[in-house]
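**Q** This structure is in structure tokens; I'll ask about it shortly.
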Amino acid sequence: MLEAAGAVLLGSAALLMVGRLGNRGFFLWLRTVGILGLLVGILSLALAALTGSAIAGLVVGVITAAMMYLFSSRIVRIQMGAVDAEEFLRYKPEYADKLRRVQEMVSKLASKAGLPEPELVVVPEETGVGGYPNAFATGRRSKPTVGVTEGLLRHLDDDEIYGVLGHELAHVKNRDTLVMTVAAAVSTAIAYAFDPWLNAMYTEDWEDIAFLVLAGMLASLISTLLVAAISRSREYLADEEGAKLSGNPMALAEALEKIEAIVKSNPAPARSLSEVSTAHLWIENPFRGGLLRLFSTHPPVEKRVERLRRLARELQGP
């Protein structure tokens, strides 16, 4: 099994290197497959080296993936404090016209993308992060949910919102919820495979347990960084496909610049690990500073804008 794990790691590293040769759809897909392969390779090594917790790690990973994928919409809504559009309008009716237009945009983009009608939810400013302009998509491809913040309704114009919604529906079309759920579940399985308390059930050697603590910390760090790298690749892909879907790359670029300027001037405080864990779902990470930079789930806005400007020139033609 060690040889097989080594082969998976080498093959995945090769795919990752090839994927880094470009920043367009096919190369981004190769990059994602390569990073997922590295995660699976690390897990395979853990399962090969550790007999006791291997089964536990695998079972926990599978259960976590299934539960997170099946109930992702409900889980994310609770984490973000999102409410139905109708409920939001009951106590903030001044947004009725804007939300009606947003719902029409969502319906139009979903139809163009060949997706079923998504559920629209709103994150009120009272949640803290809801005061910043932002958006997210979650749920299965057959039953998607698109969320916008109150800050997005207040700060962005219709063209910019349309560009943002195109990005979010591209995530749904690309099954990014499934990709990120699998990546996070494998990362969880790695952590459990190296868990010192589980392994203590199978050994009384404290030197082995100490090694597992260090190995587990390193494996968890590497897997977390790899999950963040997958998220960054998927953001590039959603930018490209979302801009093509909306037909206006510059509107998305301007929206990203506006969101970045507002977040930079007054970053959202990360009040809990639960909030930080949702960072990869937003179109732009609202949290800033500290160690969060090391685990960035989004590419730099300036790079995203540069790519969108290039795409706009290509779509305009000679």
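The backbone N, Cα and C atoms fix where each Cβ goes, and this holds for glycine too.
Straight from Swiss-Prot, here's the annotation block:
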type     : residues               : note
ACT_SITE : Glu168                 : active site
BINDING  : His167, His171, Glu235 : Zn(2+) binding site
TRANSMEM : 1-21                   : transmembrane segment
TRANSMEM : 35-55                  : transmembrane segment
TRANSMEM : 56-76                  : transmembrane segment
TRANSMEM : 178-198                : transmembrane segment
TRANSMEM : 209-229                : transmembrane segment
**Q** Would you kindly give the Cα-Cα distance separating Glu235 (Zn(2+) binding site) and the residue listed as 'active site', rounded to the nearest Å?
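**A** About 10 Å separate the Cα atoms of these two residues.
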**Q** Taking the Cβ of Glu168 (active site) as centre, how many other Cβ atoms lie within 10 Å?
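**A** Excluding its own Cβ, the number within 10 Å is 27.
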**Q** Which of the three DSSP-derived classes (helix, strand, coil) applies to His167 (Zn(2+) binding site)?
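**A** Helix, per DSSP.
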**Q** May I have the list of same-chain residues other than His167, His171, Glu235 whose Cβ is within 8 Å of the Cβ centroid of the recorded Zn(2+) site, in sequence order?
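**A** Apart from His167, His171, Glu235, the close residues are Ala137, Glu168, Ala170, Asp176, Arg234, Leu237, Ala238, Asp239, Gly242, Ile283.
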**Q** Going by DSSP, is Glu235 (Zn(2+) binding site) sitting in a helix, a strand, or coil?
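**A** Where Glu235 (Zn(2+) binding site) sits, the three-state DSSP reduction gives helix.
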